[in-house]
Amino acid sequence: MPRVSAPLVLLPAWLVMVACSPHSLRIAAILDDPMECSRGERLSITLAKNRINRAPERLGKAKVEVDIFELLRDSEYETAETMCQILPKGVVAVLGPSSSPASSSIISNICGEKEVPHFKVAPEEFVKFQFQRFTTLNLHPSNTDISVAVAGILNFFNCTTACLICAKAECLLNLEKLLRQFLISKDTLSVRMLDDTRDPTPLLKEIRDDKTATIIIHANASMSHTILLKAAELGMVSAYYTYIFTNLEFSLQRMDSLVDDRVNILGFSIFNQSHAFFQEFAQSLNQSWQENCDHVPFTGPALSSALLFDAVYAVVTAVQELNRSQEIGVKPLSCGSAQIWQHGTSLMNYLRMVELEGLTGHIEFNSKGQRSNYALKILQFTRNGFRQIGQWHVAEGLSMDSHLYASNISDTLFNTTLVVTTILENPYLMLKGNHQEMEGNDRYEGFCVDMLKELAEILRFNYKIRLVGDGVYGVPEANGTWTGMVGELIARKADLAVAGLTITAEREKVIDFSKPFMTLGISILYRVHMGRKPGYFSFLDPFSPGVWLFMLLAYLAVSCVLFLVARLTPYEWYSPHPCAQGRCNLLVNQYSLGNSLWFPVGGFMQQGSTIAPRALSTRCVSGVWWAFTLIIISSYTANLAAFLTVQRMDVPIESVDDLADQTAIEYGTIHGGSSMTFFQNSRYQTYQRMWNYMYSKQPSVFVKSTEEGIARVLNSNYAFLLESTMNEYYRQRNCNLTQIGGLLDTKGYGIGMPVGSVFRDEFDLAILQLQENNRLEILKRKWWEGGKCPKEEDHRAKGLGMENIGGIFVVLICGLIVAIFMAMLEFLWTLRHSEATEVSVCQEMVTELRSIILCQDSIHPRRRRAAVPPPRPPIPEERRPRGTATLSNGKLCGAGEPDQLAQRLAQEAALVARGCTHIRVCPECRRFQGLRARPSPARSEESLEWEKTTNSSEPE
C-alpha cells in the first residue's frame, strides 16, 4: 500500500463523504490546561481548524469540528466520565491530554476498546510496563530517541564523567539507552534523584564537590528552570560546567539574566521554524498572550500546542486518503455497550502511513505508533540567544557543526575577565620594588606577567592576578583533595593557573593543561668549592713545598760537585794569555765558587751561560743538570697552566648516581612540587632509593620554596633537585652554584585550567603563535640572563690576572732592589779601597749618575786605579815612530801634536811592526801581535805565524 503524503495546505473533497454527518468531521480534544495564560493549546486547535476550513482547495461543504473537553485534575474517574461524554458525539479521533499521564492511559484504553484513534502529545511514561494500544499514536519524540541523542552529544565532547539529575524515578527507565552506554564503557555516570522537597540545592552541592562538569537534567520546563536558578546561586553556572536539558521546550526558557555568557547550555528543539504557517502561528499565540497575560512576557509557542496543531492535520490527512478507497461514516458510541467503530482499524492503518511536514518537523509513524524519521535540533545558549549547532536524526544520528561551535567558544573570551591563580617564584612572578604604591596587576612583574599580556592581546580578554593562599603548586592529600593552585582550579575558584606549573599525568587527571610553553627537566644544583683564593705566590702551586726544597738542595749539590770536579780535572785549567804559547806560568780555572753557583742558575732558567765546560767530567755534570731542568721546567709549565688558567671546581659528585650512592651530602626538593611527585612515583631503582632517603631523612630535606632551597645549598652541604629552568636562572646570578650532570627527565610547563574548559583550544593556538613568533624565547632571555657569570659553554682559556702571577713581579722587584743595593756596595767598596782619591765619594757617585742619566759614552779613561803605575823607560831614537803610522785595523795616528794615548799606541805598534807584514790586537789578551815569517821544523819553506813581540799594556 503506498505511503500517504499530503501537504497541510491541500484540503480534498473528502469532507462531503461523511455518512452520519455529511456537513462536519468531528474531532475531540481533551485539555488539562484550561488557563488562558498557559500553553495556548485551545488557540492552536482553533487555528488548525480555521485554517483547514478556510482552505480554497476544500471541496464540498463539510468542515472540521473540534470539541474541546477540559480536565480539572489528573483523575481516572473524571477522565472516564469525560470519555463517556465524547463517544456519543461520533468523533473520528481523540487528542490529548498533554500533561496528565494517568488520564492519558485511561483514554488510550477506552479508545482501544472502541477502536477510535488516540493521539498522544505528552512524553511517554512507564514505557516498559505500559501496553501500547494499536489505536494509540504519539506525536511526542520518544524518550529512547532523546536518550540516544544525549549519548551522542557526550561522545562528541569526549565526556567521560557526567551526572544525571532526575525529577522522577521513571527517568531511569526513560533514559535506558543512555545508562546502558555508560555501563558498557569505562565512563562514569552518577544519578541523583530529587527528593520530596523538590529542592535541588543539596544535589547540586554534591555535584560541585564531586568536580563533575557535565550535568544532564531530565525534568519538565519548570523544574529545569528551578535547577538552573539554584546552580547559579552556588556559582555553578560558569564556563566550566556543561548543562544538557532533555526537555524539548528548552528554547522557551528565559536565561539571559540568569547565567554567565560563557556557560555551555545545550538542549533540544523540534520546532520547524521554516514552515509556512509557523510565524503566523507564533504571532497569533503572542497576540493572545498579550491580551490575556500581559504580566508575563511571551517566550514562544509551547510544544504541546504545536503538537496538537499537527495532530489535527494528521487526522484530516488520513481521513482524506481513507475516503478515496471507501466511504466511511461515524456513529455514536456508548460506554455501556460493546459496540466499536467499524472504520477505526482502517483509519489507524492510514494514520501509520501519513507523511507530512508540520510545525514540529517531519511527521511519520512506525508500526508501533511512535514517531519516526524526524530530527532533533541541538541548540546552544549564547549572549545573543539560542543558536543551532547541530542536529540528531533518527536514521542518520548526530551531526554537529564544528565551525559554529568553535567560533562560539572563541567569542566567550572576548572582553571576559579571567581569574589567574599563581605563586611568587623568580623569575616567573615577582613583586615590583614599589608594589606598595600600586594596585591590581601592576604590582607584579616577571615572565608569566609578560606572557599573560601577550595572550590577552591575542585573545582579547582581561585578567586578574591572585596569589594562591597556601603558596604551593598542588599535591593530592590523603582524602583525595588537592592543595595549591591545582586545588583552586578544581574548586573553580580560578580560571587559569599561570606559573611554573609542570604538566604531569596525575595533575592531568583532575585539571586540563594547555600546550607547554616551556620545556625543561629535573636537574641537580650544588655549591662550587673554589678552594683558597689565589694569592700573589700562586705560581708556586704547581710544585709542593717539598719539591721546591729538594730542588734547592739539588741546585746546591750540583754547584758544589761542579766546583769540586772543575778543580780536580786538569782540563779546566788553562792559560789566560794563549798568545804566550806556553811561556806564561799562570793558569786560570773559570769555575770559581761564584761561577759554579751561577752556571746551574743559567741552565735552570734556560738562558745559558758564557762559561763553557772544557773537561768531560764537567760536561757530564752539566748534561745531567740540563736533563734534570728540562723535566722540571716542562712539568712546571704544564701544571702552571692547569693551576693558573683554569679555576678548578672541587665538586665531590658528578652525576645523580654519585649523589644516590653517598650520604655525606644531603639532597631534597620542593615539598608539594612536581619534582617530589616524580621521585615518589618513579620505578627506576636509583630514583626509588633517592625517594626513600628523602622521605625518611630527619630533619626533613624538603623545602617550601626555591629561595629556601638555594639558601640551603649555599650555607650547608646540600644538593637541591629542581627544574632546569630555575637551575639556569640562579646559576646566572650566583657564580658559586653549578649544575651536576644532565637532566633526570623531560617535561614542560603549561597553563592549568579546570576540567572541561571551553577555551583550552584557544590558548593552545595562542601559545603556538607566540612560539612561532619567537616571543616566548625573547621573554625567556629577558628574564633569565643575569650577566654576572660567564657562560659555561665558553671553554676558552682565561687570561691570568695579577692575583695569579703577581708574586713573580714581587720576586723580580725584590731582585732588582737587591742588585742595585749590591752594585752600590761594590761601588762604595771600590772607592774606599782605592789608594788615590781625587774626589769625594758623593761627588763620584753624582758624576756616575749624571753620566747614566745623560747616556754618555761608556768608554772613558780610568779615574781611579788601585796603584800608581811605574814610569815607562825612554824609547830609543831608532824605535821612535814615524810621523804617521797606519795600524792594520785601518786607524791612523797623526804625527803632529797627537794626544798622549794615541802617541803611546803608535809607539807600541811601531815596535811590533819591525820585521812584520801585519800587526793586530789579540782578541783574548788585547795586546799587539805581528805577523812574522819563521822557519818551520817540519817544512823547509818558511811559514807565517802570529807572534807577540811586545809586553806593552793592552790598548784602552
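Easy rule for this one: first residue shown is 1, then count along the chain.
Glycine is treated like the rest: Cβ placed from N, Cα and C.
Swiss-Prot lists 1-20 with the feature signal peptide.
Under the heading topological domain 'Extracellular', Swiss-Prot lists 21-545 (among others), citing sequence analysis as support. Here the topological domain 'Extracellular' (21-545) returns a mean pLDDT of 86 for the predicted model.
The Cβ of Asn158 (N-linked glycosylation site) has 8 other Cβ atoms within 10 Å, all protein chains considered. Swiss-Prot lists Asn158 (among others) with the feature N-linked glycosylation site.
In the three-state DSSP reading, Asn220 (N-linked glycosylation site) counts as coil. For Asn220 (N-linked glycosylation site), the Cβ neighbour count at a 10 Å cut-off comes to 14, with all displayed protein chains included. The N-linked glycosylation site annotation in Swiss-Prot covers Asn220 (among others) and rests on sequence analysis.
Packing around Asn272 (N-linked glycosylation site) is summarised by its Cβ count: 21 other Cβ atoms lie within 10 angstroms of its Cβ, all protein chains included. According to Swiss-Prot, the feature N-linked glycosylation site maps to Asn272 (among others), an assignment based on sequence analysis.
Its Cβ placed at the centre, Asn286 (N-linked glycosylation site) has 16 other Cβ atoms within 10 Å. Per Swiss-Prot, N-linked glycosylation site is recorded for Asn286 (among others).
Marked as N-linked glycosylation site by Swiss-Prot: Asn323 (among others). There are 19 other Cβ atoms within 10 Å of the Cβ belonging to Asn323 (N-linked glycosylation site).
The feature N-linked glycosylation site is assigned by Swiss-Prot to Asn408 (among others).
For Asn415 (among others), the entry in Swiss-Prot reads N-linked glycosylation site, with the evidence type sequence analysis. Residue density at Asn415 (N-linked glycosylation site): 9 other Cβ atoms are found within 10 A of its Cβ, drawing on all protein chains shown.
Look at Swiss-Prot and you will find Asn479 (among others) tagged as N-linked glycosylation site, backed by sequence analysis. In sequence order, no residues are near Asn479 (N-linked glycosylation site), counting only same-chain partners six or more apart with C-beta under 8 A.
Taken from Swiss-Prot, the feature transmembrane segment covers 546-566 (among others), and the record attributes it to sequence analysis.
As annotated by Swiss-Prot, topological domain 'Cytoplasmic' applies to 567-623 (among others), with the evidence given as sequence analysis.
Residues annotated as transmembrane segment in Swiss-Prot, with sequence analysis given as evidence: 624-644 (among others).
Feature annotation from Swiss-Prot assigns topological domain 'Extracellular' to 645-804 (among others); the stated evidence is sequence analysis.
Residues annotated as N-linked glycosylation site in Swiss-Prot, with sequence analysis given as evidence: Asn736 (among others).
According to Swiss-Prot, the feature transmembrane segment maps to 805-825 (among others), an assignment based on sequence analysis.
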Relative to the Cβ position of Asn736 (N-linked glycosylation site), how many further Cβ atoms are located within 10 Å?
14
Spatial separation of Asn323 (N-linked glycosylation site) from Asn220 (N-linked glycosylation site) - C-alpha basis, Å:
40
On a C-alpha basis, identify the one among Asn158, Asn272, Asn286, Asn323, Asn736 that is nearest to Asn415 (N-linked glycosylation site); the candidates are the glycosylation sites.
Asn158
Spatially, and counting Cα to Cα, which of the glycosylation sites is closest to Asn323 (N-linked glycosylation site)? Options: Asn158, Asn272, Asn286, Asn736.
Asn272
By Cα-Cα distance, the member of glycosylation sites Asn158, Asn272, Asn736 nearest Asn286 (N-linked glycosylation site):
Asn272
Quick one: pull the CA-CA distance for Asn272 (N-linked glycosylation site) versus Asn158 (N-linked glycosylation site), whole Å only.
29
For Asn158 (N-linked glycosylation site) and Asn736 (N-linked glycosylation site), what Cα-Cα distance in Å is obtained after rounding to a whole number?
51
Counts of helix, strand and coil residues, the topological domain 'Cytoplasmic' (567-623), according to DSSP:
28 helix, 4 strand, 25 coil
